[in-house]
Each structure stands twice: as structure tokens, then as C-alpha cells.
Amino acid sequence: MRFSYFKKLGKTMKTIIKKLLAHYWLVYPVLILKMFIYYWQTKRLDMLSIYDVPLLSLLFLFCVFEAFSFKESKPRRYGFYIVYTLITLIMLADAAYSSYFGKYVSVNQLYQITSLGQIAGDGDVIGASVSPWCLLTLIDYPFVLYWYRLRNKGKKGMLDELAKCWPEKFHFKNVWKEKKFMLSLIKSALHIIIYIVAICAWYYYGLNPQNLRSVQQVNHIEFFTYHTNDIVVNVVGKLKRSSVDEKAIQKKMKSIVPKSSGTAYKGVAKGKNLILIQTESFNNFVIGATYNGQEITPNLNKLLKKDTIYFNHFYSTTGVGNTCDAEFSALNSLYPNDIRECYRMYVDNTYNGLPWMFREKGYSAMAFHGYVKTFWNRSEAYKNQGFQHYYSEEELEQTQISGFGITDKEMFRQAVDILKTKQQPFFSFMITLTNHIPYELDQSLASLKLKDSDVGSTFGNYLQTVRYTDEAFGKLIEYLKKNDMYDNTVIAIYGDHQGMNKETPSVQWKMTDFLGKEYDYDEMLNVPFIIHIPGLNESKVADTVGGEVDIMPTIANLMDLDTKQPYVFGHDLLNADEGFVAQISYVGEGSFITSDDNMLFTIGKDGTVASGRLMSLLDGSRKNINEKLCQKYSDRAQSLIDTCKEVLDNNLIANYITH
């Protein structure tokens, strides 16, 4: 009896679904749902009060469907399949990219497919970085293709019914039956109306010079306009590069690059070795913090107490290259951009960053990383960066692997074994790896006792790998002392970028609970910068606002290095007159962090200052926006990024440096 009931229910549901699918006009509410899901997944729902943006997207989407439905033919059918598939895939890419970076994907990110391919084998990395909900952007795809085919098979749908309802006395019914004249007329009229409305809306909201805020909103938020503009700017625009005025660029830099004055700490580490360590996914909040009654970073905490300068208001300045852009910025005092990772985009440029500056002083320069040498194109990029040798996974002994590659303790041990054979002084750039997302660590290496509620969570795993990396720092110092290298070696440590992304709901909730306040960009973008100089005989906490772009000039002051070229976009944090850092990834260009009233400003997703957010660096509290002041600083931040891009695009450093 029960079986027959379910059989009958199943048959009924099948009939209902079949009847629903028979009405192709249902494609329109499905397209509306598609746009809703898209703007939800790309975190633009707060912009739906700007009703013109989703309306404009719907009009364009309707135009696509109607344009290919006007007259049935095989080329039109396959043309629609290709175009709609492309639109759907771009929407999926936007949703996935926004779930991590908070912005739409650009045509330039096509170049990152090779880097993505190197980590795609580890599904946990993708899963931890991208929200699975973004797959909802595909939910309409099979239905829309089905309805398109149904419509063009001549099935009678909404327009057919409208035509049939025309008054009998006009005798159009028979004409429609014989020549389908009425249906064609209605279709043509609707096409024309939709196109006119779409063009008028696009002009009013996207092109009208009298409506400038709407121009910004549409360019930053509306799907079709953003990607059309992206292609025009980044593909067509590159073909129209004009000559540059170097004097004008250098004059502009004097007004936008933060200034330093004085000679404090100049040359205090002159002639010493330098080990500069870029620490993977290392947030500043772990420094000095305790969890479940345990210090998270006991070794770094100990380091801060003697012969150490610690910058606690230090922020990542990464572009789309994330880790590789962090090191590019740190080594060269140049801003990356949101177009493409600099190690590929500017691989053939001339540089005069830390490796070259040290080599001019008689140092040897080498880099260490426990992953494959081709990742982020390092094997090619490091040649022009000035490194004489790059020790990657291929050249190191794979004695202990966890997560992505060789563990940090093993990488440090092998690096010191290599360094002790080199002539001193040396400059060694090391990149840690164990604390890489998804923060997997063999249980035999884990030492932090987690709460039951945090076991297996991203938050708990992160704290565990942070603790391991901290232990690796302790081991590094132990190795240096054992080989009589410690007293003559400066150790500088900084985090490359955040490890806990606030855009991930589970992370946001855990972090807010851990910090006792809302986890926001003031904490997320904050990474540590620590300089340990044995024999300094002082320790201090410097609260000057700075970023990775300031590392090179700060190190140059400590070790008495010569810059020899004018294109330096950071400043010496030990003698800073002000602190100012432009932001690129996660919060968008036009965002900034400044020591003026200790402010962090994030530009609105629509690209306007008015819809942005201002918060205090001291406690994360929200502040009222002084639109005039924030616009001034936002323009300065954008100008720093644009000017640096102009320098890199035209390889201007080559006019001053020959190697």
C-alpha cells in the first residue's frame, strides 16, 4: 500500500515537472533567480538597493536569450550554447574569486591558471579557499539550455498565447496560423523594446557624465559592464601604451610616497648577515596571544624581549599574486597590482632590490623554499631579482613532508647547513610553507592542545600550524647558535598575508569569539614585522603604520645599503614622519591605512568613498566617514598603485641600473 502511494506520488511529481518544463517562458524567472544568486555569491546584495544594477544585468541577459531566439538555425543554437556557457563560467569564476578576494575576477587572472594547476591536485586547498556555495551559479544551466531548445522547436509558449488572444474580429488569428505573421511581429516588437530599454539604462546608469556615482557603481558591480570594461582596459588598453614623462612621475612620487627623516639606527647592523623570512599566512593577532592556557608563539614572544624591534601596526600589501607579490613588494619597495602576479608580469624587468643591494656590498644572495621551484614562476623571476642561487624542493632533501612540501624545521635545518659552507656575509631570503592553507599538519608534529570544538576546524588547524612554525623559529636560532652564526646574523621576520579570511563565515565566527570583538580588516590585514639584531641592547615596539613595501628601505637604513635609483615607494619605518599604506587585494584599490588618527579605510564595493567603511586601528571600532578627507587619502592610495604600475610597465629602473 505504502509502495503504491509513493509510486503514485512520484508519477504525479514527474507529470508536474514535465508540464512545468513544457513552458519555456519560465526561463525568465529562472534568469532573475540566476542574477540574485550571482550578486549574493559575489557579496553585492548590499548593493541591490541600487536597483538599476541588477535590473541592467537582467536586461542584458534577456537580450542574450532573445537575440539568439529570434530565428531558429543551427549556428544560432550553437552560438547561444557557447555564449551562455561562457557567461555562466565567468559568473562561477566571479563567485569563487569573490569568496576569497572579495572582488570580481579579471581577464588578467587567466595567466594564473598555471599556478592554480600546481595546487589543484590538493582539493583541500581549493576547498578551504573557495566557498562551495558558488556552485549555485550553475543551477540554472541545464534548464535554460533545455528551454532554449524547446522554444526553438516551435512549442507554443507565452508569445504564442498572446498572439492567439488577439481579437477575433481583426482576423489576425488565421493570418498567424498560416504565416505566423503575428508572432513574428510581437517578437520583433519585444526585441526592439528590450534593446532600447537596455541601451537607455546603460547610458543613464553607466555612461551619463551627469551621474558620476552611478558610473562608478555600474563599472564596479554590474556583471556585463564590469567585464566589458575589464577587457577594454586590460587587453585593448595595453596596445595603446604611450610614452612617459619620468620627471613628472618623480615629482608625483615626492607628494604621495610617505616620508622619513633622521638617521636613527643607521648602520647598526652594517656588515652582519641577514636572514629575511617571509612567513606564510601569518596574522599578527597570534603574537603574545594565548589559547586554551597555552602561548601560541612562545619562541617569537621570547625573541621580542631582547634585541628586537617589533612593528605591530604592519600590514600586507599584496596584489593578486598573494605570496609572491608580498615578497616582490618586500624585496623591491614596489607595489604590486590587481592585474597579474608581478613575478610573471614583470619577470624581465630590471630591479635593484635587496639582493642586488647586498651583492654590491660583497654579500652572497640566495633564496630557500620547500616547494617546487616553478611555483609563482620563482625559478625565472629570481634571476632578475638578483638571487645567485635558489634552493627549492628539488635541491633540498625531502626528509620530512607535511602539507604542501618540506616542513619549516627541515627547511631551516638544511638552509643553515648550506649557509655555514658559504662565505660570509650573506643575505638569505627564506619562505616558510607549513602554515599554508588548508593548514594540514601530521599529528606527530602537532603540539598545541585544542579544544574539542576546534578540532578539525580551519581555526584550530591554523593555530596548530602557526605553533609549529613558531617552534621552527626556535629551531632556527638553535641551529645558528650551534654553528657560531647567531651573533653575527640579523633575523627579520614578516607575515606575507592573512591566514584567517573574514569572508569565510565559520572563520569570522571563530575569530570574533577568540578576539572578543568583531574580526574585521583591521586584524585580518595586520601581519607582524620583527627585526632581531643580536647585540642591539634594546627592545621596542614601534607603532608606526607600515607595510611590506617599507621593508627594503628599513633594512637598507639598518645595514647601510645604497638605493641608487629613485623608484622606491616605501620609507624607512625607523625614521618615519608618517605612516601610510595603500591596499590592493581583499579590500580593493582606493583603500588605505594611515597613522593619521590610526585609520583603516576600505573603499565601497561600488568604488565610491561614500559607501566605504572607516575603522580605528586601535580597537576596530567603526568611525564616521569624513568624505573629503577619505577621498584625499583614497586618491593618494590609488595614485601610489597607478604610479608604481607606470614605473614597472615602462621598466624605468633600467634607466638607472645596469647589472
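Counting begins at 1 with the first residue displayed.
Placement of Cβ uses the backbone N, Cα and C atoms for every residue, glycine included.
Going by TrEMBL, these are the annotated features:
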ACT_SITE  Thr323  active site
BINDING   Glu280, Thr323, Asp496, His497  Mn(2+) binding site
BINDING   His436  substrate binding site
DOMAIN    272-560  domain 'Sulfatase N-terminal'
TRANSMEM  21-41  transmembrane segment
TRANSMEM  47-68  transmembrane segment
TRANSMEM  80-100  transmembrane segment
TRANSMEM  130-148  transmembrane segment
TRANSMEM  181-205  transmembrane segment
| request: Enumerate the residues of the same chain, Glu280, Thr323, Asp496, His497 excluded, that satisfy the criterion Cβ within 8 A of the mean position of the Cβ atoms of the recorded Mn(2+) site; list them in sequence order. | output: Gln278, Thr279, Ser281, Phe282, Ser316, Thr318, Asn322, Ala326, Gly495
| note | His436 (substrate binding site), DSSP three-state class -> coil
| request: Inside 10 Å of the Cβ of Asp496 (Mn(2+) binding site), count up the other Cβ atoms and send me the figure. | output: 25
| said: On average, what pLDDT score does this prediction assign to the domain 'Sulfatase N-terminal' (272-560)? | reply: 96
